[in-house]
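Participant: What TrEMBL records for D:Thr64, D:Asp139, D:Glu205, D:Lys235, D:Asp239 is substrate binding site. Per TrEMBL, NAD(+) binding site is recorded for D:206-208, D:271-276, D:Glu292, D:348-350, D:Asn397, D:His404. Taken from TrEMBL, the feature domain 'S-adenosyl-L-homocysteine hydrolase NAD binding' covers D:240-403.
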4 protein chains.
Amino acid sequence: MSLLVEKTTSGREYKVKDLSQADFGRLELDLAEVEMPGLMACRAEFGPSQPFKGARITGSLHMTIQTAVLIETLTALGAEVRWCSCNIFSTQDHAAAAIARDSAAVFAWKGETLQEYWWCTERALDWGPGGGPDLIVDDGGDATLLIHEGVKAEELYEKTGELPDPASTDNAEFQIVLTIIRDGLKTDPSRYRKMKERLVGVSEETTTGVKRLYQMQANGTLLFPAINVNDSVTKSKFDNLYGCRHSLPDGLMRATDVMIAGKVAVVAGYGDVGKGCAAALKQAGARVIVTEIDPICALQALMEGLQVLTLEDVVSEADIFVTTTGNKDIIMVDHMKKMKNNAIVCNIGHFDNEIDMLGLENYPGVKRITIKPQTDRWVFPETNTGIIVLAEGRLMNLGCATGHPSFVMSCSFTNQVIAQLELWKEKNSGKYEKKVYVLPKHLDEKVAALHLGKLGAKLTKLSKDQADYISVPVEGPYKPAHYRY
Amino acid sequence: MSLLVEKTTSGREYKVKDLSQADFGRLELDLAEVEMPGLMACRAEFGPSQPFKGARITGSLHMTIQTAVLIETLTALGAEVRWCSCNIFSTQDHAAAAIARDSAAVFAWKGETLQEYWWCTERALDWGPGGGPDLIVDDGGDATLLIHEGVKAEELYEKTGELPDPASTDNAEFQIVLTIIRDGLKTDPSRYRKMKERLVGVSEETTTGVKRLYQMQANGTLLFPAINVNDSVTKSKFDNLYGCRHSLPDGLMRATDVMIAGKVAVVAGYGDVGKGCAAALKQAGARVIVTEIDPICALQALMEGLQVLTLEDVVSEADIFVTTTGNKDIIMVDHMKKMKNNAIVCNIGHFDNEIDMLGLENYPGVKRITIKPQTDRWVFPETNTGIIVLAEGRLMNLGCATGHPSFVMSCSFTNQVIAQLELWKEKNSGKYEKKVYVLPKHLDEKVAALHLGKLGAKLTKLSKDQADYISVPVEGPYKPAHYRY
Amino acid sequence: MSLLVEKTTSGREYKVKDLSQADFGRLELDLAEVEMPGLMACRAEFGPSQPFKGARITGSLHMTIQTAVLIETLTALGAEVRWCSCNIFSTQDHAAAAIARDSAAVFAWKGETLQEYWWCTERALDWGPGGGPDLIVDDGGDATLLIHEGVKAEELYEKTGELPDPASTDNAEFQIVLTIIRDGLKTDPSRYRKMKERLVGVSEETTTGVKRLYQMQANGTLLFPAINVNDSVTKSKFDNLYGCRHSLPDGLMRATDVMIAGKVAVVAGYGDVGKGCAAALKQAGARVIVTEIDPICALQALMEGLQVLTLEDVVSEADIFVTTTGNKDIIMVDHMKKMKNNAIVCNIGHFDNEIDMLGLENYPGVKRITIKPQTDRWVFPETNTGIIVLAEGRLMNLGCATGHPSFVMSCSFTNQVIAQLELWKEKNSGKYEKKVYVLPKHLDEKVAALHLGKLGAKLTKLSKDQADYISVPVEGPYKPAHYRY
Amino acid sequence: MSLLVEKTTSGREYKVKDLSQADFGRLELDLAEVEMPGLMACRAEFGPSQPFKGARITGSLHMTIQTAVLIETLTALGAEVRWCSCNIFSTQDHAAAAIARDSAAVFAWKGETLQEYWWCTERALDWGPGGGPDLIVDDGGDATLLIHEGVKAEELYEKTGELPDPASTDNAEFQIVLTIIRDGLKTDPSRYRKMKERLVGVSEETTTGVKRLYQMQANGTLLFPAINVNDSVTKSKFDNLYGCRHSLPDGLMRATDVMIAGKVAVVAGYGDVGKGCAAALKQAGARVIVTEIDPICALQALMEGLQVLTLEDVVSEADIFVTTTGNKDIIMVDHMKKMKNNAIVCNIGHFDNEIDMLGLENYPGVKRITIKPQTDRWVFPETNTGIIVLAEGRLMNLGCATGHPSFVMSCSFTNQVIAQLELWKEKNSGKYEKKVYVLPKHLDEKVAALHLGKLGAKLTKLSKDQADYISVPVEGPYKPAHYRY
């Protein structure tokens with residue numbers, strides 16, 4: 001790959017689609033700031049003391065307008081930042097341009113190839129000779145994964161001289177990861193271990209990334225402390241739920257302009273993301289059918305008047321299919337063959353393995369007609385009917401629209417800032433071991449509180465007497481840890 | 001104005017943005033056809049007999065993908081067609097390109113100036129020496145207006161030698177209309193009267209255009225028969241209501257990406273359009289406040305849990321303002337000055353006089369910052385805060401998104417096709433006088449019936465005994481004329 | 001039948017369940033008055049001038065608390081009133097008691113036999129030697145029917161000496177009507193004709209009664225003017241829709257306590273009543289399936305995300321069945337046999353012929369188990385499973401609960417008062433022929449306006465300029481006659 | 001108090017309102033069983049092995065039809081049962097009669113005085129000379145409280161000879177508790193300690209009772225193991241949420257018949273109960289305002305389009321007030337004085353201290369007018385306007401209606417049965433210490449699974465490969481402990 005890093009006049013590195021879109025990006029950044037009261041409050045509260053002075057932060061997180069406000073909050077608090085997207089389609093090029101020009105090193109554009117994607121991730125982690133970042137802001141865990149795989153390979157190589165073998169895996173993307181590491185090993189056989197040494201910790205944004213972290217914690221392979229931001233209530237019960245309720249129909253409309261009312265929609269998975277998607281589709285006038293493995297979530301769907309069936313029951317009847325499971329192999333090519341002409345198939349889960357894109361691409365005689373970028377019609381030879389796949393099976397709300405709106409991302413990202421501050425503050429205290437942590441409830445409540453004023457809300461105050469009666473402090477936190485909201 | 005008509009290789013005239021987008025347009029047309037069962041059923045039922053053979057049809061109606069399917073339905077039934085948009089922002093350029101290349105003479109592009117707009121309207125009416133069209137498909141009544149004003153001017157000119165004086169009006173757009181007519185008079189002083197002679201009738205699409213027609217009928221100035229398609233149940237209770245429920249949030253999201261949940265939204269007017277808008281905003285999690293003049297509509301809003309107040313009551317508290325009244329002077333610059341920073345102001349009514357754009361533009365010291373086309377921030381000098389105006393106060397769903405989705409437009413346009421067929425069939429029978437007519441209920445029910453299969457619905461059939469009991473024919477129509485649905 | 005009319009100390013006739021419930025009735029009447037601003041405004045506006053002075057009004061309309069407020073509004077305006085219920089289960093006995101004691105002659109109790117029902121109707125029409133009432137307030141048209149059938153029989157008898165023959169009909173209820181008329185003929189062979197002579201007109205409340213009137217108008221058999229109150233917008237689009245949205249779940253809950261969430265509910269008919277029922281069930285968490293004969297209403301259901309199928313498709317799958325058609329023979333005993341154990345079957349349409357109660361009662365070996373009054377379980381011998389039928393197939397919201405709430409009935413009944421005032425005012429003017437009329441729109445808007453203040457609403461006022469622009473008077477009416485709301 | 005225990009012919013003790021209602025109760029029990037698949041599955045699974053053989057179970061839980069199915073499930077599994085209600089208004093007398101006659105010792109009737117209430121509680125705990133129960137099923141914790149207070153008093157008495165002094169507290173109800181204990185001490189100074197000795201544990205049903213248990217655990221005063229059933233997902237996220245969504249409007253309608261549409265409703269507290277109440281009111285057409293202390297819950301309300309204000313902001317504007325906080329002193333008499341005429345005030349939280357009934361009763365000159373049992377109008381002398389208080393400030397859904405419907409209670413009560421089985425099985429194993437436990441997730445999922453079939457749902461099955469990918473067993477549990485649903 002012959003990608004070249006470019007430099008701003010001030011010497012900061014970047015690689016974006018078109019730096020001339022920076023002005024447009026700045027205008028939208030200005031609008032977004034008004035919608036992100038939590039981040040702006042962080043700037044006001046922490047900006048003066050520059051708590052991130054000296055900290056290098058690498059982010060791997062959709063390079064959108066909202067993320068741009070996050071990045072500029074980190075820099076406003078003193079950090080130096082390098083950034084890449086965590087999805088090949090999720091970058092908003094004008095956002096990347098504005099940040100590249102004004103604030104941080106950015107390596108991201110909409111429509112990266114997988115090779116380019118991992119090149120960008122490498123660049124974001126590459127802080128030059130002095131090792132890697134102090135902190136990582138991760139979404140889905142790809143930056144974390146690269147370091148862990150790198151360290152593993154270096155240790156093996158040191159012991160046995162064995163290099164990673166891309167041919168050892170079927171997974172096309174993991175082949176690229178192994179190639180990168182292999183090639184890097186030749187130049188610097190301790191690069192990832194140096195990174196690991198320097199790293200204070202990671203804060204992880206999403207369900208899928210968190211799942212990976214807990215697996216590593218369970219296996220004892222986690223190399224540095226991690227804060228699970230996803231499971232802050234003000235993240236998972238807001239971003240995942242209300243964000244998707246907003247951005248799923250947005251993506252459907254921008255990609256297909258199809259009328260949702262009157263259609264039959266299948267939502268695979270009824271977690272927070274699935275709940276948001278199902279609510280949006282139902283409210284838009286679709287008849288929604290849920291597929292679930294978990295009887296509790298299934299019963300919740302039923303209580304909302306949704307039908308719970310298996311994909312097989314409805315595959316030939318439904319008009320719209322959305323995967324939200326965080327699992328793999330949900331909609332296979334055999335399902336797709338049975339669908340109605342022009343059925344829409346899309347995924348809003350983090351990874352692109354919910355829909356069997358490989359099976360589709362390899363289906364004998366299948367024809368792909370690109371209506372417009374991220375909207376493809378795939379025609380089966382037997383029936384000459386086709387299905388419409390959005391964003392090549394990747395996150396459709398970021399691929400086909402602009403992701404979640406600013407206000408709800410302000411909740412998520414305020415958690416990120418708080419998590420990063422916490423990791424950095426405690427970098428030498430030993431408070432955080434190589435484990436996964438969630439933020440304490442009083443910080444969660446604080447994030448929420450920062451977002452009430454913008455919406456004109458007024459909180460009731462507990463009297464001391466009332467607080468004692470329910471055994472909580474007057475100023476909170478107000479709920480036990482196990483409370484589900 | 002030095003616009004030049006272009007010609008296809010086959011010699012058909014057109015003027016569009018970029019003919020090379022025709023392939024893209026065709027792909028989306030293919031998708032839309034699957035979503036427009038009513039129009040496709042018309043092709044199947046009437047295509048073989050070519051009922052429009054010899055008919056010239058001029059259309060003035062948003063040149064979108066859906067309209068393209070309408071146009072190709074008219075041509076499939078034998079008509080020759082010329083077309084323009086009825087709004088400067090509503091054209092989808094790829095749709096215009098596909099039609100221009102493949103099917104009809106099109107004069108339309110997204111972002112016309114007002115001069116260009118009326119030039120396009122003239123072109124669509126200009127069938128060469130043999131006079132004008134046989135039939136008009138109108139939306140908002142601009143094609144009808146131009147002929148009526150033209151005839152009026154020609155008659156005055158013949159009698160008195162007096163030419164229309166553009167300076168006689170304040171209205172910038174009407175000045176253009178008068179200029180066009182004045183300039184035309186010099187070359188052909190009976191052009192519009194010849195048009196009138198040939199014209200069999202018009203079918204009008206929207207509430208606002210229908211209002212104009214009834215006013216002309218009341219004044220005795222209507223020059224040819226008109227069919228009011230808007231008041232087919234399958235138009236006004238579907239397109240106006242469910243179309244806007246879909247396209248209002250679509251426009252808001254594409255223009256601003258703002259989170260609707262948690263916001264305070266004001267919907268001015270609670271007719272069919274207002275009901276659709278309010279439903280969409282409420283379902284997306286906004287708190288909706290309605291303004292109304294009509295106590296019945298106001299009481300309907302209350303029954304749905306919406307607050308009914310005046311604009312003055314809420315102007316400084318709300319985040320989103322939508323006008324749907326069909327009236328004028330709804331949101332004035334004095335209201336806009338009092339709004340919150342970045343309040344969104346938009347109109348989804350047919351004409352652009354609901355929002356006081358003139359007052360805004362002329363406000364001393366106001367600054368307009370174009371975020372992107374059709375999304376402007378206007379900053380007031382006193383407060384240095386701004387409001388965001390969509391589509392320059394024009395139809396925001398067509399200016400900022402792609403208008404209503406295909407399925408609901410199939411209902412509306414099937415009514416158009418049926419109305420055009422009826423006018424043409426009865427052109428010599430004297431059945432239609434210079435009045436405004438609605439389609440009979442059995443055709444309205446037929447339009448609905450054509451759309452049920454696509455959504456998997458199964459109708460119940462009346463027994464003869466049951467039909468007699470409720471005094472209707474077994475095959476319908478099932479309701480009295482005054483039934484409100 | 002040996003029913004005896006009783007008399008209050010003041011000499012007014014009555015027959016109610018228990019006069020001692022009058023105090024309880026009065027307390028609820030006091031509450032209801034606060035919820036019925038339209039009726040209270042009528043008292044304030046018209047009470048002083050006593051417009052009904054000298055008028056005798058007979059009412060045949062569910063004798064509920066709300067009706068009691070209507071009756072006392074009529075008496076407050078100077079009328080003398082006699083009343084019966086129009087359904088054997090719809091009387092609230094404490095309401096009847098309060099009215100009987102304090103205000104008018106009442107003949108009504110909850111749980112009348114059909115014989116008793118018609119005896120009550122006769123009593124309400126029986127104003128002694130001087131003939132019948134001047135005005136009728138009718139709901140369903142039974143009082144009107146009795147007079148029309150009576151006149152018909154008297155005329156035949158006079159001509160041919162032939163008496164009505166109850167054996168000439170299968171319909172058990174109509175046998176009773178004929179018996180009453182036959183027996184009456186012997187004592188006074190011109191009783192109903194004298195009534196007809198005196199009668200100024202009727203105002204009719206409900207869809208079903210209105211249908212009868214239009215049939216008589218079409219046949220030329222209507223004997224006196226009728227005002228169709230049902231088709232006032234403030235009646236049919238409020239009482240029918242929002243009233244049922246409230247009272248359907250109320251009836252279900254009181255009768256069965258069954259959880260609605262998660263259930264499959266079938267609503268037969270998607271007119272105003274069906275729309276209200278479907279909305280209520282959907283909101284309570286049921287999955288709702290609609291059956292329809294009318295493709296337009298069916299398409300509306302689909303746009304709201306409801307499935308449209310035939311009863312046969314879903315009869316063995318659904319948990320709750322509600323008929324709202326105004327037609328007959330909707331759910332037959334053969335359907336009921338196929339239903340799930342404890343499926344709930346009920347009717348909210350005016351007449352009790354939507355559900356095949358006769359077929360059920362006559363089913364060989366069927367067993368009826370009365371859980372409590374108006375809640376019966378019918379067990380089929382083949383399966384030993386049963387269905388639960390509410391209110392014996394009659395109006396379940398009045399049979400099992402208390403009907404529609406006061407506020408929405410205030411809209412309906414204010415229309416009634418206005419209609420009665422209009423008929424009485426024009427009694428000698430010849431304005432009203434023997435036809436069916438609706439109230440003019442400005443009165444409809446007035447009814448709505450009277451109900452806004454109670455809900456805290458503020459109307460926007462049109463400027464003269466705006467009113468001219470849309471061609472309406474500043475003070476309304478604001479909509480053309482054909483407007484559908 | 002001179003209450004007498006009665007005995008059935010078989011010698012079982014009871015005290016109910018009217019044993020002759022047993023047949024009616026049995027009919028409703030039969031219906032309820034069909035709606036309670038979880039309990040019926042327990043009978044099928046565990047009945048044959050009689051796991052509760054020899055176990056004495058005391059229950060203090062609303063003696064409704066649903067509870068009757070629970071009791072008969074316990075007896076079907078071999079238990080001997082004694083029961084009382086946990087609220088003076090919540091008993092359904094026909095349910096109590098059926099159980100008293102057929103299955104267990106019941107001491108409960110609708111409309112107990114507080115003295116009678118605690119007498120009933122004593123009776124339910126009184127198993128005669130052999131000490132108390134083996135197990136307690138508690139709701140709100142009153143049975144548990146009585147034992148804890150009893151033990152405390154006995155220990156003090158033994159040490160110091162000091163008797164409990166009812167005069168030591170202002171709380172009228174606690175005075176009764178102390179009186180009972182004091183009087184009991186004289187006859188048997190170790191009665192409660194003997195109970196404690198025998199007791200294996202308690203399973204607690206509701207948020208409020210659980211809060212008490214955690215406080216005792218924290219203080220180290222908990223005398224026996226407790227299973228927190230409330231925090232099973234299949235309890236708190238179903239019963240609390242969907243149960244209240246059903247029963248709040250049911251209570252409002254039965255008590256007041258007031259139209260909810262168009263009204264302004266205030267819901268104090270937006271926990272699970274508040275969420276259910278707010279959803280019900282919004283769906284019925286009310287405009288809902290929430291009061292909250294917790295910023296996270298407040299932000300959730302905003303995302304659903306609800307306004308968040310303080311009670312003071314809206315007290316004079318709202319029509320309906322519902323408390324759901326689990327805290328005390330929410331609506332004080334000073335608030336009530338400012339309310340609109342006939343504002344409805346009610347509580348759906350467990351205890352009756354959310355509404356300041358004492359302040360209201362003692363307000364100088366206030367007049368109480370009982371419309372009907374559990375519906376009182378309180379008139380203030382200054383304004384002569386009144387408010388309507390439901391169920392004397394106690395649980396309005398049980399006081400004014402019949403509580404939650406069977407299906408959702410089947411979820412809760414299946415958790416109860418499972419908890420009781422677990423405590424009993426492990427009675428000698430030492431598995432449970434004097435702490436509060438929740439049921440393991442796989443049992444929670446099992447409860448949900450038992451309720452899917454009744455609603456026609458079909459679960460998707462994980463493949464082994466998929467299960468491994470998300471690191472869960474194929475057969476569940478599927479979520480981490482901290483998952484919020």
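Even glycines carry a Cβ here, placed using N, Cα and C.
Looking at the shown structure, what environment does each listed feature sit in?
Facilitator: Of all Cβ atoms in the shown protein chains, 26 besides its own fall within 10 Å of the Cβ of D:Asp239 (substrate binding site).
A helical conformation is recorded for D:Gly276 (NAD(+) binding site) in the three-state DSSP classification. Residue density at D:Gly276 (NAD(+) binding site): 25 other Cβ atoms are found within 10 A of its Cβ, drawing on all protein chains shown.
Residues belonging to the domain 'S-adenosyl-L-homocysteine hydrolase NAD binding' (D:240-403) score a mean pLDDT of 97 in the model.
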Participant: Using only C-alpha positions, which one of D:Thr64, D:Glu205, D:Lys235, D:Asp239 is spatially nearest D:His404 (NAD(+) binding site)? These are the binding-site residues in the record.
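Facilitator: Closest recorded candidate to D:His404 (NAD(+) binding site) by Cα: D:Asp239.
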Participant: Looking only at DSSP and grouping its letters into three states, which state does D:Thr208 (NAD(+) binding site) belong to?
Facilitator: helix
Participant: Ranking the binding-site residues D:Lys235, D:His350, D:His404 by other Cβ atoms within 10 Å, which is at the bottom?
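Facilitator: Comparing Cβ neighbours within 10 Å for the binding-site residues D:Lys235, D:His350, D:His404, D:His350 has the fewest.
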Participant: D:His350 (NAD(+) binding site): which of the binding-site residues D:Thr64, D:Glu205, D:Lys235, D:Asp239 is the nearest Cα neighbour?
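Facilitator: Given the candidates D:Thr64, D:Glu205, D:Lys235, D:Asp239, the nearest one is D:Glu205.
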Participant: Between any two of D:Thr64, D:Asp139, D:Glu205, D:Lys235, D:Asp239, the residues recorded as binding substrate, what is the biggest Cα to Cα distance in Å?
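Facilitator: Farthest Cα pair among residues binding substrate: 17 Å.
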Participant: In which DSSP state, out of helix, strand and coil, do we find D:Asp239 (substrate binding site)?
Facilitator: helix
Participant: Taking only the binding-site residues D:Thr208, D:Asp272, D:Gly274, which one has a CA atom nearest to the CA atom of D:Lys235 (substrate binding site)?
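Facilitator: Closest by Cα distance to D:Lys235 (substrate binding site) among the binding-site residues D:Thr208, D:Asp272, D:Gly274: D:Asp272.
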Participant: Report, in whole Å, the straight Cα-to-Cα distance of D:Thr64 (substrate binding site) from D:Ile348 (NAD(+) binding site).
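Facilitator: About 16 Å separate the Cα atoms of these two residues.
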Participant: Around the C-beta of D:Glu205 (substrate binding site), how many further C-beta atoms are within 10 angstroms, looking at every protein chain?
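Facilitator: So the number of other Cβ atoms within 10 Å of D:Glu205 (substrate binding site) is 29.
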Participant: Starting from D:Thr208 (NAD(+) binding site), work out which of the binding-site residues listed here (D:Thr64, D:Asp139, D:Asp239) have their Cα within 10 Å, and give them in sequence order.
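Facilitator: Close binding-site residues: D:Asp139.
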Participant: If you measure C-alpha to C-alpha, which of D:Asp272, D:Gly274, D:Gly276 (binding-site residues) come within 10 angstroms of D:Asp139 (substrate binding site)?
Facilitator: none
Participant: List the Cα distance (Å, whole number) between D:Asp239 (substrate binding site) and D:Gly274 (NAD(+) binding site).
Facilitator: 12
Participant: How big is the gap, in Å, between the Cα of D:Gly276 (NAD(+) binding site) and that of D:Thr64 (substrate binding site), rounded to a whole number?
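Facilitator: A Cα-Cα distance of 21 Å.
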Participant: Need the DSSP three-state call for D:Asp139 (substrate binding site) to compare against my parser.
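Facilitator: Looking at the DSSP assignment, D:Asp139 (substrate binding site) belongs to neither helix nor strand, so coil.
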